[in-house]
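First the structure, then my questions, so here it is.
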Amino acid sequence: MPALTLLGRRWNVATDDFGLLGVAPTAFHGAWSIILFSCWLSLDRDSPCTLTISYRLAVAGLGSTGAVNFFLGIWLVCESLRGTIFETDKRWKVPYLLYAFFLVLCVELGFLIYGTVVLAQHQPDCDVRTTALWSPSGVMSVLIWSTWGIMGFALIFALITYNAFPDHSSRSSWEHRCYCVTAVCCCQWRRGWFKPREQQEQEPYARLAELFLQLFGHSDLVFTDILAAFLMVAEWQREQRQHTINALLEDGDSDLEEPCESSNGHQTQPRQLRGADSATSGEPLCNQDSYGYMLFIWSKPRQGCMNLCCGRWCGLWTGPLKRYAEAFAAQRIIPDLAITNHMNHEAILQMSGLKERDLAFVRFQGEANDQHCLPYFLALDHETKSIVLAIRGTLSLDDCLTDFMCEPADLEEWIVSAQPGGLRELGRQSKDARPGRLRLPLLSGFNLDRRKLAKSRTQAEDDAGSHAHNPPANFSEDAPAVQLATRDAKSTAHAGMLDAAKAIVDDLRHTGVFESLLTGKQIGRHKLRHDCQGWGVVVTGHSLGAGAGVLVALYLNNYFQNVRCWAFEPPGGVADPYIAEAVRGWCTSCVLGKDWIPRLTLATFERLRDEMITAAATCRRNKISFLAGALLGRKHRQKMRSQGRSLFRSEDDISPQARVMLQTWRHSVLGTRSQENRYHQARSFMPPGRLLFLQPLKAGTSVRRSKRQYQPVWIEAEALMREGILVSPRMMADHMPDYLTAVLRRMTKQRGNPTGGEVELDMEAADQGDTEELDR
């Protein structure tokens, strides 16, 4: 495969990388050879300095080795540009040129050491020159130390490209990689992974190693190969979409002219709008608020720091004093003294517009007993009489590890409902708790028609709901332990998110604030400041926080009524299809544009990986020229289209070596998928609940982000999974919580409600419509 094999070891560099990496050292050796030759000519043979001959010998040696490396570098660059990524046979000379280059470097190092010794033998007669341009000692000082610097860069490059674990198909090799990464990033100290060797638990490393082995153990692609293949997929997807559009146009499909339609052709219509007295109650509360001061400053690069320090009448400085005094007088837990916690507290208040008294509780990073617990806060929405639980998304390396723990975990004891009917009844609790119109405090300015699904999973839901469970008798008991799912598990979810959800539930139970607010009784050390008996619960979060929030709301539904969830851009691999559909009655997921996280599941990532390999094998251009063209962006693509050429060949037209490598890859992948493993059930995961898709309307690429238009539509999760991950410059930008918040606010104003408002969903009518369609 493409990785370079040198000295009997695979390195983290490919043979076609030297077309770019070899340019800089080649140019340096060429320019340095000219300078050294000029220095050699300028040295006066009649100088009284007795070291002149030694100087001339050192300069001549360094100059000659530099000239040889210059010509070898030109040859290396030319050979490296031969063939595409998988056509390594065309670059068979590259390893031998590297051996020659290394040999000449050793000779150059010998002359460099000799020059350093000569320079150390300093003589006063060699300092003064009156007839030459440079003095011998000055020339040698510049040459010697600059060459040592170049040697240092060469050593650093060798260390970076050295592959300490060259076996890409070995599980133990991936375990060592995971151990080194977590050790460097210090993630394992907080997770308790770093223990004495006799007590060290290898299970986290084994889990990560098995995941990476499943995804990347079939080939030894290096970083530049992955980067180029990733960019090639973007162009490949663009060509595939264009071919599809052209085919539909030939068939006379008129639906292509409607930019407001979703992938399943459904379109929403605005209803009557309801205003609100406070703009805060109508904004997408807690989408970005739970991220704290870091996102607050990021979203306001010009005045973020000033607003944080001086906003709310210098609330960053006066707020802690008030909170300390109030907590001391009420005999509550004294807030933490960390300045970052006060900054996060102030950022939450400023972003959400909440009053100090309505922010009931904040759990900061690292404060909980369980390190899986994500930061969250509890807020009160008096307008809708709701307690809002907002959970932060991925913001640390520990959160990334939680994302990677994507094995299916058993939900048998997590989804038990007090009412009979199991999963089917679970989706109707919100409607039965308060019939009629359900007011959602998180979105405003437009009403949404419910998209009805025509698929029936009645038998699967009844089977899952009728299974015997042993749940906790009440909310005060510990949540069930997280267990990896077996082959016979009827309901499963993302193990890492379930770990985070369990930690949040246990922390809510431990602090007692949440239960105190709902029951009106003092629980724990926190004294009551609000009586919220009869209020509803809204769980919300973004990204990882959205996925964990859905599972938290799933658990809270067992013990409290009127629990709802708004999941902003949740990961695609949250739960299995039956759970994802069962929570539709009280859970809504919001997806913006080409955001890749809601599309990300194990199955869609494997599909993207396969597309990358196929695109790299069928691309007409070599890696360096493609990357150079990608930097030119749209101009390069327009030039290719004007020539009427496709960037990719058909698989029948690729070279024999590329075809063999592609077939070997596919056989390896199919052999792995045919084997039962712990990730088999995770391939069917999908986003939970109803899916509200903010579809971008067609606009030019030069349109500013503040002018982009979006159309809200209901889509099926299956349609989003079929579409897969779209490689685009917007795939990460659309996932940023501040941009999603700005889009929702802009849509609110454009829908004719500038003061904010509430979305009203006729849940009773919607559920009745679903029942009729399921019966059909």
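Cβ from N, Cα, C; glycine included.
Since this is a predicted model, take the numbers as computed values, not measurements.
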Match it up for me: which of 454-482, 628-656 does TrEMBL list as region 'Disordered'?
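Checked against TrEMBL: region 'Disordered' maps to 454-482.
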Establish whether the number of Cβ pairs under 8 Å between the transmembrane segment (20-43) and the transmembrane segment (96-121) reaches at least three, counting only pairs separated by 6 or more residues.
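Output no: the transmembrane segment (20-43) is apart from the transmembrane segment (96-121).
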Which residues, given as numbers and ranges, are at least 6 beyond the ends of the transmembrane segment (96-121) yet have a Cβ under 8 Å from it?
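Counting only partners 6 or more residues beyond its ends, the transmembrane segment (96-121) has Cβ contacts under 8 Å with 4, 6, 18, 51, 54-55, 57-59, 61-62, 65-66, 68-69, 72-73, 75-76, 79, 137, 140-141, 143-144, 147-148, 151, 154.
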Quick one: DSSP breakdown of the domain 'Fungal lipase-type' (490-602) into helix, strand and coil?
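Across the domain 'Fungal lipase-type' (490-602), the residues distribute as 47 helix, 23 strand, 43 coil.
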